[in-house]
Amino acid sequence: MDRIIEKLDHGWWVVSHEQKLWLPKGELPYGEAANFDLVGQRALQIGEWQGEPVWLVQQQRRHDMGSVRQVIDLDVRLFQLAGRGVQLAEFYRSHKYCGYCGHEMYPSKTEWAMLCSHCRERYYPQIAPCIIVAIRRDDSILLAQHTRHRNGVHTVLAGFVEVGETLEQAVAREVMEESGIKVKNLRYVTSQPWPFPQSLMTAFMAEYDSGDIVIDPKELLEANWYRYDDLPLLPPPGTVARRLIEDTVAMCRAEYE
């Protein structure tokens, strides 16, 4: 439940509006509320990090509003909490009125939800499940450059899970649609909340089965097999894509060195 910020309140401050994050001096604000002109605003505690509270403040600032991507190099847990704050702020902003009856809604006191004051409908933050998969063929890994990433970064394949589809089916479909190949021996690795805008990445490793690379030009600029010791520019550390690539490289080193 949110409350009014007092002078001595302290912690990490996720100040967000319209999926933007306030980053004075390029950093996530930390310290006493008075230092950031937050006293008197409403705040909701959304977690803790290193024993300090993490607060969400739904507010637009005139300057230094940026993307949560700018704090991706933070500790993984703090980055996740910043992402949670941005997603919750957008959820509360976009769910002021009920989609069924049009009446005003109010936040739940017990969970991340909005409740309709008229028809009692309950809304939760939208989470979009996605798959991301590293595909290995002998001593090489399949890496692609996506159309939305024109900075030279090559990464593994990923995509959204469709309605009525299992995660395993989503992997097979996305890989076939984007690269034209089939995979086998699928293995779950880990997951990562990814607030761009509200994804939950489920990470897998797989082995090449059959087929030649035929890219979907709407999704990819190019895709190729890269030997584990001769890789192109990769996603930054801290991303689940980077972990999948590094895990695949480690497996190749164990077998080929």
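Every residue, even glycine, has its Cβ placed from backbone N, Cα and C.
Straight from Swiss-Prot, the features:
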| type | residues | note |
| --- | --- | --- |
| BINDING | LYS25, ARG69, GLU111, TYR124, GLN192, PRO193, TRP194, PRO195, PHE196, PRO197, GLN198, SER199, ALA241 | substrate binding site |
| BINDING | CYS98, CYS101, CYS116, CYS119 | Zn(2+) binding site |
| DOMAIN | 125-248 | domain 'Nudix hydrolase' |
| BINDING | ALA158, GLU178, GLU219 | divalent metal cation 1 binding site |
| MOTIF | 159-180 | motif 'Nudix box' |
| BINDING | GLU174, GLU178, GLU219 | divalent metal cation 3 binding site |
| BINDING | GLU174 | divalent metal cation 2 binding site |
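What Swiss-Prot annotates, mapped onto the structure for a quick look.
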residue	record	Cβ neighbours (10 Å)
CYS101	Zn(2+) binding site	13
GLU111	substrate binding site	9
CYS119	Zn(2+) binding site	11
ALA158	divalent metal cation 1 binding site	25
GLU174	divalent metal cation 3 binding site	22
GLU178	divalent metal cation 1 binding site	22
PHE196	substrate binding site	13
GLN198	substrate binding site	17
GLU219	divalent metal cation 1 binding site	18
ALA241	substrate binding site	25
Considering Cα atoms only, can you say which of ALA158, GLU178, GLN192, PHE196, GLU219 is the nearest neighbour of CYS119 (Zn(2+) binding site) among these binding-site residues?
PHE196
Neighbouring C-beta atoms (10 Å sphere around the C-beta of GLN192 (substrate binding site)):
20
Tell me which of the binding-site residues CYS98, CYS101, GLU174, GLU178, GLU219 ends up closest to GLN192 (substrate binding site) in space, Cα to Cα.
GLU174
Quick check for you: of the binding-site residues CYS101, ALA158, TRP194, PHE196, GLN198, ALA241, which have their Cα within 10 Å of the Cα of GLU174 (divalent metal cation 3 binding site)?
ALA158
Rounded Cα-Cα span from CYS116 (Zn(2+) binding site) to GLU178 (divalent metal cation 1 binding site), Å:
41
Listed binding-site residues among LYS25, CYS98, GLN198 whose Cα sits within 10 Å of ALA158 (divalent metal cation 1 binding site):
none
So of all those binding-site residues, CYS98, CYS101, CYS116, GLU219, which one's Cα sits nearest to ALA241 (substrate binding site)?
GLU219
Taking Cα atoms as reference points, which of the binding-site residues LYS25, TRP194, PHE196, GLN198, GLU219 is nearest to CYS116 (Zn(2+) binding site)?
GLN198
